[in-house]
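Look at TrEMBL and you will find Arg22, Glu84, Arg123, Lys458 tagged as (6S)-5-formyl-5,6,7,8-tetrahydrofolate binding site. What TrEMBL records for 230-235, 249-255, 274-277 is GTP binding site. Feature annotation from TrEMBL assigns K(+) binding site to Asn230, Thr249, Val251, Thr254. The Mg(2+) binding site annotation in TrEMBL covers Ser234, Thr255. The feature domain 'TrmE-type G' is assigned by TrEMBL to 220-379.
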Amino acid sequence: MELDTIAAISTPLGEGAIAIVRLSGDQAISIANKIFNGADLTTVDSHTINYGKIIDPDTEQMVEEVMVSIMRGPRTFTREDVIEINCHGGLASVNRLLELVLQLGARLAEPGEFTKRAFLNGRIDLSQAEAVMDLIRAKTDKAMGVALKQLDGKLSKFIHRLRANLIESVAHVEVNIDYPEYDDVEEMTQGIMLEKIEEVSQEIARLLAMAKQGKILREGISTAIIGRPNVGKSSLMNALVHENKAIVTDVPGTTRDVIEEYVNVRGVPLRLVDTAGIRDTDDIVEKIGVERSRQVLKEADLILLVLNNNEPLSEQDLQLFDLVKDLECIVLINKTDLPNKVDKEQVESLAKDFPIITTSLIEEEGLDQLEEAIAKTFFTGNIESDDLSYVSNVRHIQLLKQSLHSLADARGAIEAGMPMDLVQIDVTRTWQLLGEIIGDTVQDSLIDQLFSQFCLGK
Ligand code: GDP
Ligand code: ZN
């Protein structure tokens, strides 16, 4: 494959102490060598770091003192020749440096293009490339761990195994069709095929069950705090942010127009969504209308419904209960330091299966129980002890669901007594769908779209 040489600033822009301009491609070394005053980069050993100066070839002025790392392909991330020019930062000089390499023939990399090259050059498969993206965005250690496992290829291996399993049964069917008289070949009875379909379906279902947890780890549980005015919503928000170190996200290129705050509750990242809105709009139902609030709530993974222990339930409380009835919700009865006036039995009957936590936010009581309830809601199984890499990617989840669907079709076909070569169509389709997860059967446009989600310079 003939690919041009790409370049980008691969460290976050700003006042960082060190900035790196990275190049990858056939021309990487010769381009760097043209502006580097130091050892001859075309002859130095691979995987060495070389001190020198960057000279502007036009003006012969020194631009920067630098350390240049040289890595010859294929033992590099992209499998191409890679140059990393480390300089002391300062936006102006880094930009000048990038300009120089672009003038000399490198092309500015598109977002994610370095990782895309690693994929195109066969170093990593698609699910691993996506893991790189997840790593960049990981909000907690657990999320980081999931991405690392995926990068390690755990998911890939799992998918490979499922596909091998399917292709084997398809091959059996082929043989039976082609050589119906050939005695040594075990008859691919419907029973055996059914068994195989069942086995693979169960494995996929298991992956999907963990997908929910994976998504949560990666993106955070989007959480809405609701309740009528003065029940303690802002106090709850402050307590959660105060108790649990907020996670600062500082990823260049991520959108900042959505107002959200991250807190880490026992390893569970909560994304308190649009907190400013919730803070200012004390009465979510009244101010934005029932329809709008239903919409806000629908997008939340978790609702914290706050009630006042010191007042009887009001019409508004009942409305809120109605709004959350099909959602994931935890009910808080706050202000337990004040005399009890709320009817607890009524709350219990309204809350149905939702956990009910009593708190006094002013006396800092009940937060532990709340955090335990949150952790329990989202990590039903023992997430750490399971060695399988969790699926955390929306695209993977969709493909797994489709795979499960086409396996169900295959099962239906068998049960309806269809001929095996028809059953085989569904099985083959499952095999293809699974292949899309690791990039075996993906079209170019999808690949472009995926990699453009990466940060620049990765
Ligand atoms: P919001 O309107 O729902 O956001 O409620 P706030 O968090 O602004 O709290 C309203 C008032 O209730 C404030 O004066 C808080 O100090 C007070 N408050 C919050 N939690 C408690 C509590 O547990 N006990 C008592 N006694 N007062 C509380
Ligand atoms: Zn408030």
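Quick reminder: no glycine exception, Cβ is built from N, Cα and C everywhere.
Note on proximity: of the binding-site residues Arg22, Glu84, Arg123, the one nearest Asn230 (GTP binding site) is Arg22, by Cα distance. Counting every protein chain shown, the Cβ of Arg22 ((6S)-5-formyl-5,6,7,8-tetrahydrofolate binding site) has 25 other Cβ atoms within 10 Å.
Each of the binding-site residues Arg123, Lys233 was scored by other CB atoms within 10 A of its CB, and the lowest score goes to Arg123. Across the fold, the C-alpha of Arg22 ((6S)-5-formyl-5,6,7,8-tetrahydrofolate binding site) and the C-alpha of Ser234 (Mg(2+) binding site) stand 45 Å from each other. Not one of the binding-site residues listed as Arg22, Glu84, Arg123, Asn230 brings a Cβ under 6 Å of any atom of ligand 2. Look at Lys233 (GTP binding site): DSSP puts it in a helix.
When the alpha carbons of Arg123 ((6S)-5-formyl-5,6,7,8-tetrahydrofolate binding site) and Ser234 (Mg(2+) binding site) are compared, the span between them is 49 angstrom. Across the structure, Glu84 ((6S)-5-formyl-5,6,7,8-tetrahydrofolate binding site) and Ser234 (Mg(2+) binding site) are spaced 47 Å apart at their Cα atoms. The domain 'TrmE-type G' (220-379) scores a mean pLDDT of 77 in the predicted structure.
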